Amino acid sequence: MNTFGKKLTLTTFGESHGKAIGCILDGVPAGLRIDEAFIQSELDRRKPGKSKLETGRKEDDKVEILSGVFEGLSTGTPIAMIIFNTNQKSKDYDNVKDLFRPGHADFTYFHKYGIRDYRGGGRSSARETAARVAGGAVAKLMLKELGVEIQSGLCEVDGIKGNVQDFEYAKSSKLYALDPAVEAAQEEAILTAKENHDSVGGVVLTTATGVPVGLGEPLYYKLDAVLADAMMGINAAKAVEIGDGVASTHFKGSQNNDEITLQGFKSNHSGGTLGGISNGDTLIVKTHFKPTPSIFREQQTITTHDEEVVCNLKGRHDPCVAIRGAVVCEAMMALTLADMALLNMGKKMDHLKCIYG
């Protein structure tokens, strides 16, 4: 499946070493001011090659809007956006065209489809997430009109955990670190792994404030369930926590319950959802990313002809995919919340009367 969402749908297309990648965002209400500079700035945050902590592949990621916008406003029709690939080096993958790279989707794609684009992983490459960020930027513009703000940052790298959640600091950090006190250690861990032809994992914290009460569609389209689905659909994501997540299994009910006052909740262990519906508190999501599977070490694998061989990779790869993954997490949260906002419009007669009355 290449489409995400119910009322607001994002369909992406393209491959890592193809001519272009892009998306079609359908369901955006007419009359939304489309800030193209903002969309580009979001792509610039995710684009590769900004520092030695990222892949050496340099792409401008310049986005072009093809449809759905007239005189700066959304028209209510599908918004199509395209990003042309300009820095492919497909020859780097000639030596792996007949073998399966450990940790990658090569093995499963080949056995599912009987054919695969071996150049940079083709459709399974994280390059595709640029299209998600473009669509997510439009969703952010929608949510801004509703007073919703989404932020993210790395709270852990290679087991080095931060204790501070400074989202303003993360905006200027090369690795989107939330805790300045551990940023240097986290950066050193990434660079050391890179020097040793290895990679590291990380954890991204994504939050949303200003979320209205009532978003989420029980029982099978709950807000927390869809957020988990959205994050798990990102390349290299291996686990998702909502609120206190796994830690809540170690609490007593008396510790885990968020008591309620007329001023609001006294705590936020639930992470902003109850019964799969937003409760008005801050949405809190942690996404755990595995180490980048592309490492420059000899590894055992097999070929498409069932031969055991040694794999030696080439190319340009992120030593820690979680860094740029933070921007993608924001995009997926934005798409989820914007979709939920549209779905919620018809849940009360009062809502319909406001529109049609």
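Heads up, residue numbers simply count up from 1 along the chain you see.
Placement of Cβ uses the backbone N, Cα and C atoms for every residue, glycine included.
Straight from Swiss-Prot, the features:
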| type | residues | note |
| --- | --- | --- |
| BINDING | ARG46 | NADP(+) binding site |
| BINDING | ARG123, SER124, SER125, ASN235, ALA236, GLY275, LYS290, PRO291, THR292, PRO293, SER294, ARG316 | FMN binding site |
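Overlay of Swiss-Prot feature records on the structure.
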| residue | record | contacts (Cβ under 8 Å, 6+ apart) |
| --- | --- | --- |
| ARG46 | NADP(+) binding site | ASP61, THR129, ALA130, VAL133, ARG324, VAL327, VAL328 |
| ARG123 | FMN binding site | GLY14, GLU15, SER16, TYR109, ASP117 |
| SER125 | FMN binding site | GLU15, SER16, ASN235 |
| ALA236 | FMN binding site | ALA126, PHE289, LYS290, THR292, PRO293, VAL321, ALA322, GLY325 |
| SER294 | FMN binding site | ARG101, GLY103, HIS104, SER199, LEU313, GLY315, HIS317 |
Between the two most separated Cα atoms in ARG123, SER124, SER125, ASN235, ALA236, GLY275, LYS290, PRO291, THR292, PRO293, SER294, ARG316, the residues recorded as binding FMN, what distance in Å do you get?
44
In three-state DSSP terms, the structure that SER125 (FMN binding site) belongs to:
coil
Within 10 angstroms of the C-beta of LYS290 (FMN binding site), what count of other C-beta atoms is obtained when all protein chains are considered?
17
Would you mind checking how many other C-beta atoms are within 10 angstroms of the C-beta on THR292 (FMN binding site)?
24
